[in-house]
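A.B. asks: I have a structure here, written as structure tokens, and I will follow up with some questions on it.
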Amino acid sequence: MKKQYRSMMMMDMPWVFLRLVLIISCILGIHVDGSIVAGKGCPTHCGDVKIPYPFGVGVDDCYMSKGFKLTCNNTYVSPKLFVGNVEVIEITTETPQIKVSLPTSYQCYNNSSSITDDQSLMKLKLNNSPFRISHTENVFTGVGCDTMVFINETKGLNYTGGCISMCNNIDSVSDRNCSGIGCCQTSIPAGIQTYDSEFGSRNNHYVVESFNPCSFSFMVQKSNYSFSKTDLKMEKNKKFPVVMNWAIRTANSCQEAKANNVYACVSNHSECDKSHMFDDDTGYTCSCSEGYHGNPYLKDGCKDINECTKSLCADNGVCKNNRGNFTCTCKKGTKGDPYDKGCFKPRNLPGSAELLIGLSVGVSFFFLTISCFFWVYRRRQYMRLKQKFYQQHGGPFMQQLLSTEAHDNHSNFRIFSETQLQRATDNYDPRHILGKGGHGTVYKGVLDDGSIVAVKKSIIVDESSSKEFAKEMLILSRINHVNVVKLLGICLEVEIPMIVYEFASNGTLFHYIHHRNLHQPPPTWSFRLKVLAESAKALSYMHSEASPSILHGDVKPSNILLDNTYTAKVSDFGTSTLAPKDKSKFMTKIQGTYGYLDPDFLRTGELTDKSDVYSFGVIMVELLTGKKALYLDDQENEKILVLQFQSFYKEKKIVEILDNDILNQGNPTYQIEDVVNIAEKCLSVTSEERPTMTFVAEELEGLRRLETHPWTSQENNQEMEVLIPITSMGSSLTSGYPKSEVELGNVDAGM
């Protein structure tokens, strides 16, 4: 863009360059005299400007080197200080900076778009000088309504920057707004020693000449310039303050400077300091040590600060100034904190009061000691108790097995400490409870690594041996099935071991069926069939594919969880047991949940795989009817769902107990009939008449596959009945089972 506008302006008119060369002539080199002592009688002020060493006016002894030589011009009403031909406004040593006044560049046009006055190309050279233009204090600024300004640094940084300022009329310009309408600004990089500035114009101010005939550019201290509309016609000889950093440029580092025989930090209690310099800048500066102030470039220039003049002590505190610091003490007859809270006179107490206070302190100390002793004793007792439980539950044996498992199978099963689970559940905060049951409470927990888990705090004690318990837990942890909740670990440091499971985000099937909120639609038939098929596959896997076989013992909707994709996962092995090889010896105490318990198990106390089949049959009936295993009828009489289902089944009135949502959704009747028949077989009183879970899983999965078969996409029920006649519903339940007697036929779904 810059080249384009330059060419345009060359075609329109000849460029007239008047170079204002600012050469700080005294900057020819920095030779430092070994003594570095300002001569006597050197001027300390020029007009209102203070001249601190290493700067100076007059003879050579008054300044450190030629780079710091200044000139005081007394021809003005008030004398002015110059470095070269640039006016100096202020010099500071504590923050090594010099503030100077630099002129403005400008380029003016008449109403014929011809240049009438051109001070456009400005050069500033600071090469081989102590000075650098401060990139943090200054900003390059352009003013005008048809103005482009450029700044170039070509000696070291090869930097080009600039900004554009445009406006069509004076009303569009706002005071104190320098964002491109009437005024623009751009930052500069660190380390600039020389630069030149140039202009460009789009229309040679043809449109805006009446209120802005000139373009202006200047470097200025950020805090010393606020744009005003009147600046569009500012005086051409106007100058602006610019801040430059200065430093001793005879060494690149403090280490190098200290090794130099012309080290500039000559005062006692002074030190080399590069904190005011940007990265990679050469040179160094000096500062007084903490507790001192003054001029570190002069011998004895750093003087002790008398902090006591600032009232730094608190009430009734006595300040004493020391070299480099101070101390505070309380006045005689007072005590307290002289630095902060203050000192006060102690109240004189009678002898009896002092005795009472002494006794109180002694007794308090005695009870504190006893309390600490009991706390340590109770802590040791608690740790011994945790170790006892850990041993009792087979912790060492389980740890040994885990070491083998980790080596052989890369198992992720862990033994958690009680502290870890307390931290994960916020000390078993009731707000984290996911559910309660006959076997314990399940909490949501967040482990230290951020993973979310379910923590079961049991209330039923397992009487099995410690080694047997350890083996059972590890066997259960090996279950790796998509429809079985993963067992992640266990805590053995408590009386009843706590178990850590995989977390399922959508709660339990029981809650989804019976306690969903009013905004949730009723479960679809496809969802019910999917959950039944997935749960059956999980139980089939546990019975037939796990080694050894695993009997769940408490199959119910609240032990079937739904993950974030509503995939069913069988959980809670609170009563699960490894099936023994010798079934004649397998007896267990009656556990489980009333309404789901196998009648054979209640009668004999023998838990078998068919016990899980019976409980699963109850779940099937719950999904078919939408009722709980124990429910209240319209007259508030408690009913057992299984008995009601079997009664309606025998009377061939099964449709009267089915969930209206199933009937109203226009679902395939053959699927509903088959599921009804499977449920009826699962609920047989004697276990011999019940199918296996493998058979149930295959039947349900077959029904799901039929649901996704192209035939099922036909909306004409008559065609579906031709392919699979209603009279043959349940024909797939062969293998020793009679055909179904249930036919839904053309029942009114609104019953």
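Each Cβ is built from the backbone N, Cα and C atoms, and glycine gets one as well.
Per TrEMBL, the features are:
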BINDING   LYS457  ATP binding site
DOMAIN    304-337  domain 'EGF-like'
DOMAIN    428-712  domain 'Protein kinase'
SIGNAL    1-29  signal peptide
TRANSMEM  355-377  transmembrane segment
A.B. asks: For the residue listed as 'ATP binding site', write down the residues of its own chain that are at least 6 apart in sequence and whose Cβ falls under 8 Å from its Cβ; none is a fine answer.
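C.D. replies: Listed in sequence order: TYR428, GLY440, THR441, VAL442, TYR443, ILE496, MET498.
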A.B. asks: Return one of helix, strand or coil for the residue listed as 'ATP binding site', based on DSSP.
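C.D. replies: Where the residue listed as 'ATP binding site' sits, the three-state DSSP reduction gives strand.
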A.B. asks: Between 0 and 100, where does the mean pLDDT of the domain 'Protein kinase' (428-712) sit?
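C.D. replies: Averaged over the domain 'Protein kinase' (428-712), per-residue pLDDT gives 85.
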A.B. asks: Kindly report the helix/strand/coil residue split of the domain 'EGF-like' (304-337) according to DSSP, in that order.
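C.D. replies: Secondary-structure composition of the domain 'EGF-like' (304-337): 4 helix, 16 strand, 14 coil.
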